[in-house]
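According to Swiss-Prot:
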DOMAIN    40-84  domain 'Gla'
DISULFID  56-61  disulfide bond
DOMAIN    85-121  domain 'EGF-like 1'
DISULFID  89-100  disulfide bond
CARBOHYD  91  O-linked glycosylation site
CARBOHYD  91  O-linked glycosylation site
DISULFID  94-109  disulfide bond
CARBOHYD  99  O-linked glycosylation site
MOD_RES   102  (3R)-3-hydroxyaspartate
DISULFID  111-120  disulfide bond
DOMAIN    126-167  domain 'EGF-like 2'
DISULFID  130-141  disulfide bond
DISULFID  137-151  disulfide bond
DISULFID  153-166  disulfide bond
DISULFID  174-301  disulfide bond
DISULFID  198-203  disulfide bond
DISULFID  217-233  disulfide bond
DISULFID  349-368  disulfide bond
DISULFID  379-407  disulfide bond
């Protein structure tokens, strides 16, 4: 039995060897199948400068390997930020259905229409209140307890279906400049002392108040029957007989054919105005015959008080216009001049006034605008003219040229009557019955 066992063992060994031969192949064959294609630098790889393609793109690399490529720690760090950045959108940071775009060490969320914020976390509807960017309204905004704010439009406009925009319903809505809209031009800048000519038709609400043939003051057309100006213009006026208002005027030395001359039926000033003083310096004039609205004669919008104080007052630059002196104690302008002036902080204006002996007090019924370097300012003859502010392409009356220390004097700025304080007073009078002559009306 023993020889037979040895024979079986030998057969098994031979069979196993044959099986192994079937499994294992030669070294050359194995290299041709399994061996990775050797890099170009072969065994000299560690002796040659690093390659970005070889070290970090064909396979993952370490910071040290990248450092070999750039030969600079700073450049390596810059590369490493991008290379080792990862997917910043992996945590789904965008909320409320927003989509995420991966950036270097950052991300951008693209929000759905009703949401905003870095992560689309803010619902726009929750922020639709009037104190926040005027509630998104083009003109007037009203807050409501327990419900969303609503937008409204000035007379002569109507609200569009989107609930925020206003479109004109009349041929000549207030605050628009037909001359500019027909040309598709932008609003000009410039003015008075240091200013530029306001091209014909681009200040269509400007009025020239004439005492006989002499320019008395400027004014602003508010509608077809009313012009607003400064009360101090009439300190020495005892009768309306020689007082006229010229609308559509541009060049005082020429008759251009667009002028409209109107007599004044009624002059109204606040009962608190004291001649020779600067407070409550505003006056309302009723035309004896209504103005005819044209491309060169358009009223300026009288804004609601809240809108004026919360929205318009935050706009830095406004336009002032008039035919005042081009230089202090110089000649009056022949053509209508205009300029954009920056509004100043009330506290800064008050402090400047307090530091100048004999300077009138700046009250809450006034505000300041202009350039402290004395480069641009209103001057004698501009008094009563408009300080107009544009919001979403519509112009509003925000001030009346009142007083200043000289004209364009260094360290001095123009002082304007704050029209928002008189909005209700003006509106009430514009609805009143006609009473001829010069009157004082209780304020407020």
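Every residue number used here counts from 1 along the chain in the order it is shown.
Cβ atoms are placed via backbone N, Cα and C, with glycine included.
Structure coloured by features recorded in Swiss-Prot.
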residue: 56; record: disulfide bond; DSSP (3 states): helix
residue: 61; record: disulfide bond; DSSP (3 states): coil
residue: 109; record: disulfide bond; DSSP (3 states): strand
residue: 120; record: disulfide bond; DSSP (3 states): coil
residue: 130; record: disulfide bond; DSSP (3 states): coil
residue: 174; record: disulfide bond; DSSP (3 states): coil
residue: 203; record: disulfide bond; DSSP (3 states): coil
residue: 301; record: disulfide bond; DSSP (3 states): strand
residue: 349; record: disulfide bond; DSSP (3 states): helix
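Within 10 Å of the C-beta of residue 120 (disulfide bond) we count 21 further C-beta atoms, all protein chains included. With respect to residue 109 (disulfide bond), the closest of these recorded positions in Cα terms is 99, chosen from 56, 99, 174, 198, 301. Of all the disulfide-bonded residues listed here (89, 120, 141, 153, 166), 153 has the Cα closest to the Cα of residue 233 (disulfide bond).
Within 10 Å of the Cβ of residue 89 (disulfide bond) there are 16 other Cβ atoms, across all protein chains. Within 10 Å of the C-beta of residue 61 (disulfide bond) we count 19 further C-beta atoms, all protein chains included. Cβ neighbours within 10 Å of residue 99 (O-linked glycosylation site), excluding its own Cβ and spanning all shown chains: 12.
The number of other CB atoms found within 10 A of the CB of residue 91 (O-linked glycosylation site), across every protein chain shown, is 9. Neighbour density at the Cβ, taken as the number of other Cβ atoms within 10 Å, is lowest among the disulfide-bonded residues 100, 217 for 100. A C-beta separation below 8 Å, combined with a sequence spacing of at least six in one chain, links residue 349 (disulfide bond) to 362, 366, 367, 368, 413, 415. For residue 151 (disulfide bond), the nearest of the disulfide-bonded residues by C-alpha distance turns out to be 203; the candidates were 56, 100, 203. Distance from the CA of residue 130 (disulfide bond) to the CA of residue 61 (disulfide bond) is 56 Å.
The DSSP secondary structure for residue 141 (disulfide bond) is strand.
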